Amino acid sequence: MSSRPPASPPAQGSRLLLLSLLLLGTVPGPRPGSAFYLPGLAPVNFCAEEKSNECKADIELFVNRLDSVESVLPYEYTAFDFCQASEGKRPSENLGQVLFGERIEPSPYKFTFNKKETCKLVCTKTYNTEKAEDKQKLDFLKKSMLLNYQHHWIVDNMPVTWCYEVEDSQKFCNPGFPIGCYITDKGHAKDACVISSEFHERDTFYIFNHVDIKIYYHVVETGSMGARLVAAKLEPKSFKHTHIDKPDCSGPAMDISNKASGEIKIAYTYSISFEEEKNIRWASRWDYILESMPHTHIQWFSIMNSLVIVLFLSGMVAMIMLRTLHKDIARYNQMDSTEDAQEEFGWKLVHGDIFRPPRKGMLLSVFLGSGTQILIMTFVTLFFACLGFLSPANRGALMTCAVVLWVLLGTPAGYVAARFYKSFGGEKWKTNVLLTSFLCPGIVFADFFIMNLILWGEGSSAAIPFGTLVAILALWFCISVPLTFIGAYFGFKKNAIEHPVRTNQIPRQIPEQSFYTKPLPGIIMGGILPFGCIFIQLFFILNSIWSHQMYYMFGFLFLVFIILVITCSEATILLCYFHLCAEDYHWQWRSFLTSGFTAVYFLIYAIHYFFSKLQITGTASTILYFGYTMIMVLIFFLFTGTIGFFACFWFVTKIYSVVKVD
């Protein structure tokens, strides 16, 4: 049967995280091979005859959960009425894999190294449409084909890919392949049904019940060690086998009409072949998948765009710091040395109020503590990702690393919150510690738990098991909270932060502000430039989460992270200076909200992405999308807001420490 690849990918590939990680030849750094296997993922040698100490003869194929670009609900393999493994041990999964809904299980597909098989029968499924149970299974299968659910198979810890040509004769290797496809009642071919003219019957489903698998191997230099697998590719096909007991993989496609009645039999078969590949080494075997990913040139454009913004802001800040501030300080100090210098003006006027405690200082200090926790966690996670420790080959490592770091970073969160709360003149230290421990994490967990209830109700594999929820709560209550208390203890034990100028007892009246120096316009403007640095990367990150594309360019992401920190800092300092010149000394909350407003632009972009890029249907999927988006927005708000506050705090402390004040 003809199986010409479609002109455009029927699905966007397989997700590995907010959600899968690595720097790979995109910026100077480790070569792809060495980067992927830094953690010590040892190669497995294969040979035609089993040699227990040297190599294996049997090749195991594992199946992962199935997902769709048209639904947020993944399902594990056993939820479908496919051929099931009669035996085999389920691989253990780490915390990150469980949180991302990965459910890896043994499959009924068994191979022997270098042994060719043609049209081998795996199993036959029979459905009687008059039986309620059979009809329910068949309907679930049809719905999954309608929503373009994708298989994800794994051989030797490597995805089995379906490679085909897309626009401009580029080859795209999809780490998944569809269950089947659908021809509408108007004769329109959906998704993968465009690959063959044999898929033409109206209001009919075509199931891919046969796969041609080709495994590529590289012979180890020593020879006696056998060979290592370097690629696994397949081509899905559909056959209505004439003789189900002895299939020959020929004939018309396996069609399931929406109007079909009576008995329907589906025989699942496969063919396997092996080919030696001399040009690909085991250490670089992921390259062919990652190099087929599109838009690398856009990443460079993103970096250049961000650097232009940084240079612009750096020039503005440098001009203020070196010219304006330098002149101001010299003038103020010169005026102080003269007898007739009685009148002050500009930002020096508010020196007696600049460190006045802000309103809602408790809440601000709690936000700063949580933001510090997120900031350090993000930096360390991305740093390890750049080194290759959190690569796609190391499944679930990204989320596991992030969660563990967040738990262990309770101490700096408690310390920062306590130090600033004490400097704000706060005395309710118990409330401060409890809020730091439970407020922001509690909001995230409550949202996450509600989303999990929806996933449970829908029977999705992404629903976190009860045992894992208990484990997460144990990490939070038994490790993170005590560490937060320890950090807060040392924070409150230290003296309050010393300010370079004294605070007056009577607050100074703030003069009437122009439109541009009022709080809201400044806050709205402050988030535009930081968002401009990240919006292109944001597109790829959202693609990896919701469109199941593999994300691996962590070199780019780390650079963008550094640029974002610089941009948030400089934009906040710039606006802070203008507000101080307008004699408005309420800088604490304003600095936090100015850079934190970047998260609002993130939310607006996520809404735009949902309506313009995604094909998600269904109430549950929509609620899940926006529920998880709100978690990301909150985390990003705390992250960027904390950067802005620290930058402004440093700036204000610096400028008021170098002027003479009576």
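Note that Cβ sites are derived from N, Cα and C of the backbone, with glycine treated the same way.
Given the structure is predicted, the values throughout are model-derived calculations rather than measurements.
With respect to the membrane, ILE183 and SER612 are recorded by Swiss-Prot on the same side. The transmembrane segment (466-486) is in contact with the transmembrane segment (398-418), judged by 3+ CB-CB distances under 8 Å for residue pairs 6 or more apart in sequence.
The stretch from 398-418, 554-574, 631-651 with the most CB pairs below 8 A to the transmembrane segment (591-611) is 631-651. Against the transmembrane segment (554-574), stretch 300-320 has more CB pairs under 8 A than any other of 300-320, 398-418, 437-457, 631-651.
Proximity of distant same-chain residues to the transmembrane segment (437-457), defined by a Cβ-Cβ separation under 8 Å and at least 6 residues beyond the stretch ends, is recorded for 73, 366-367, 370, 410, 414, 463-464, 469, 472, 476, 480-481, 484-485, 620, 623-624, 627-628, 630-631, 634-635, 638. The topological domain 'Cytoplasmic' (419-436) scores a mean pLDDT of 93 in the predicted structure. A contact between the transmembrane segment (631-651) and the transmembrane segment (300-320) is absent, since fewer than 3 of their C-beta pairs, 6 or more residues apart, lie under 8 Å.
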